[in-house]
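Participant: Sharing the features that Swiss-Prot gives for it:
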type: BINDING; residues: Gly32, Thr33, Gly34, Lys35, Thr36, Lys37, Arg286; note: ATP binding site
type: DOMAIN; residues: 8-288; note: domain 'UvrD-like helicase ATP-binding'
type: DOMAIN; residues: 289-559; note: domain 'UvrD-like helicase C-terminal'
Amino acid sequence: MQNQDFIHTLNPEQQKAVLHTEGPLLLLAGAGTGKTKVLTSRIANIIHQNLASPQNILAVTFTNKAAKEMAERVNSLINCYGLNIGTFHSMAARILRDQIEHLNLGLNNRFTIISHDDQLKLVKDIVKLKDIDTKKYAPKLIHIIISRWKDQGLLPTKLSVSDTNLPLQRVAKLVYEEYQKNLLISNVLDFGDLLLYNNELFIKNSEILRYYQEKYRYILIDEYQDTNVVQYLWARMLASLYKNICCVGDDDQSIYGWRGAEVGNILRFEKDFAGATIIKLEQNYRSTLPILAAASNVINNNKNRHGKTLWTDRENGEKIKIISCWSDKEEARYIAGEIDKLVRENRYNAGNIAILVRAGFQTRSFEEAFINSAMPYKIIGGLRFYERMEIRDVLAYIRISLNQNDNLALERIINVPKRAIGAASLNKIRGYALERNISNFAAIKEMLEIGEIKAKSYETLKDLVTKIDNWYERFSIDAPINVVKAILDDSGYLEMLQEEKTEEAFGRIENINEMLRAIAEFNDVHDFIEHSSLVMENEVLETNYGGSVTIMTLHAAKGLEFDVVFLPGWEEGVFPSQRSLDEEGEKGLEEERRIAYVGITRAKKDLYITHAESRKIFYEIVRSYPSRFITEIPDEITIRTSSMKKYNSFYKF
């Protein structure tokens with residue numbers, strides 16, 4: 001596209017944003033309002049007007065995919081070479097390669113960046129070296145605390161008394177100090193160090209900061225609402241000379257507080273950059289009017305936000321369907337049936353339909369419902385339910401308790417949780433079993449009797465054998481759910497996850513609880529094992545359905561769009577998450593509401609919101625209540641009904 005033809009394809013507000021080239025600009029871009037088009041057009045305009053060469057423009061994104069897309073779109077508008085487009089980490093790494101010696105830390109520009117797994121291994125090694133009790137102070141949690149401190153721009157020497165109030169924090173500081181020493185000795189950095197040391201470099205060396213301020217005269221930052229403290233400080237320092245910074249974001253879509261994102265960064269932009277211009281992109285090109293009205297009415301209940309209202313010039317579209325279901329199982333059946341109907345009536349292809357859940361554990365009931373209806377589906381951002389590590393672990397415990405000859409099951413669980421059974425001991429057990437043509441479990445029993453097991457492993461293996469024998473007996477006389485709960489307790493598996501106290505571990509516990517709900521539906525444990533195997537093996541061809549239905553969490557769906565969206569589980573305690581409310585109070589509620597807003601605005605044409613009147617928790621049917629977010633959606637844009645069509649007065653609050 002030559003000259004400035006691209007300007008004429010923009011709406012008035014988009015044009016204002018593109019033509020604003022001097023001074024700080026906050027571009028509040030609502031969902032589906034064309035922010036990427038504006039960003040790329042703005043870069044093209046700066047180059048076209050000869051305000052800066054491509055080498056003097058810095059555009060920062062959160063993902064390599066977004067950076068690549070931005071570069072391609074800029075090049076489609078104007079031919080340019082040398083534009084600096086990349087992620088926060090890639091741009092920070094580039095600066096450190098050139099300037100690392102000025103930090104005087106002993107690092108050189110051949111440093112390597114270590115993976116998450118290597119970071120965690122180093123933390124574990126230090127914890128072991130320092131003889132720290134891992135039951136009280138889980139290495140994974142220590143690593144998370146260290147990463148969070150780095151996201152806040154805090155080196156060990158900068159930690160305040162308030163940062164180390166708790167015993168866990170004091171232990172984490174001790175590990176952090178040793179962790180950083182090890183990194184420096186090895187000439188390696190982790191991802192958190194890249195921006196952390198960039199900022200240290202800028203603070204300690206004003207000449208280097210000035211060099212990059214001159215180099216990057218125009219700065220553009222995408223998804224500004226997702227920046228953490230260290231990213232925010234980095235951008236602010238770089239922009240403090242010329243102040244030609246354009247931050248694009250939507251405070252209503254700030255949903256990553258749990259991983260360090262600070263919505264306050266976008267809310268205080270005007271204070272950080274005096275005289276800043278704020279432009280709101282509110283014309284939505286994605287969704288129908290009822291969908292936008294629902295999103296606006298929900299998010300308007302948040303107090304800490306920049307006010308904006310999405311609108312569209314598209315036709316009104318379908319009303320939002322809000323469906324009450326008798327139970328969570330009925331909810332899954334209803335959604336699977338409705339999707340089957342939409343596809344068979346050729347209204348939509350399966351590939352244009354999504355189910356967006358608040359938490360990963362919710363996917364199980366939908367997976368099973370789709371298998372029953374032979375509808376192809378895919379899980380995005382995670383494994384299918386029965387393929388998840390913790391589910392496979394528990395299944396292995398069940399299998400070895402039913403069939404003591406199951407070598408694969410035994411090998412999976414023998415050191416989960418850790419039982420100090422090393423590779424040498426395992427090889428010895430395998431060799432003993434092969435020589436005598438018996439199972440590994442039988443070999444362990446014999447070796448315990450004749451003293452062939454080393455003292456270090458003897459007690460743990462003897463304890464495990466006793467427990468497996470006990471579970472084997474219990475399965476013949478007790479309900480499966482009771483035995484599996486006993487396995488989780490007796491084995492220490494549940495305790496292992498609880499002691500981890502991480503977001504990941506909490507998600508695994510939620511998945512196990514969901515698995516227990518599934519087990520509770522079976523009187524015979526063999527039927528459950530067979531059922532789970534069939535679910536894992538199921539594969540439905542997509543040919544006749546126009547692709548697969550997408551199942552994913554609301555967090556994973558950010559930035560995506562679908563013709564039809566189903567939002568299940570809109571019940572108090574599920575969504576908003578009770579955990580968020582308990583831990584974060586009003587702040588947590590506002591983030592939950594932003595997650596709801598993101599979910600609603602993924603829909604282009606049709607939106608279904610469902611909730612269950614009851615959920616089965618083991619043997620108990622627990623009453624559920626509609627989410628407060630449902631009450632925030634006006635009646636006039638909805639059709640509210642029951643999946644059983646027995647009544648429609650449930651919503652007369």
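Note: Cβ is positioned from N, Cα and C throughout, glycine not excepted.
Neighbours and distances for these, please.
Facilitator: In the three-state DSSP reading, Gly34 (ATP binding site) counts as coil. Counting every protein chain shown, the number of other Cβ atoms lying within 10 Å of the Cβ of Gly34 (ATP binding site) is 20.
Predicted-model confidence for the domain 'UvrD-like helicase ATP-binding' (8-288) is 93, expressed as mean pLDDT.
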Participant: Of all the binding-site residues here, Thr33, Thr36, which one's CB has the most other CB atoms within 10 A?
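Facilitator: Comparing the binding-site residues Thr33, Thr36, the most crowded Cβ belongs to Thr33.
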Participant: Within 10 angstroms of the C-beta of Lys37 (ATP binding site), what count of other C-beta atoms is obtained when all protein chains are considered?
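Facilitator: I get 19 for this one.
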Participant: Compute the mean position of the Cβ atoms of Gly32, Thr33, Gly34, Lys35, Thr36, Lys37, Arg286, which form the recorded ATP site, and then list in sequence order the other residues of that chain whose Cβ is within 8 Å of it.
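Facilitator: Residues close to the ATP site, other than Gly32, Thr33, Gly34, Lys35, Thr36, Lys37, Arg286: Ala29, Val38, Leu281, Tyr285.
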Participant: Have a look around Arg286 (ATP binding site) and count the other CB atoms within 10 A of its CB, chains all included.
Facilitator: 20
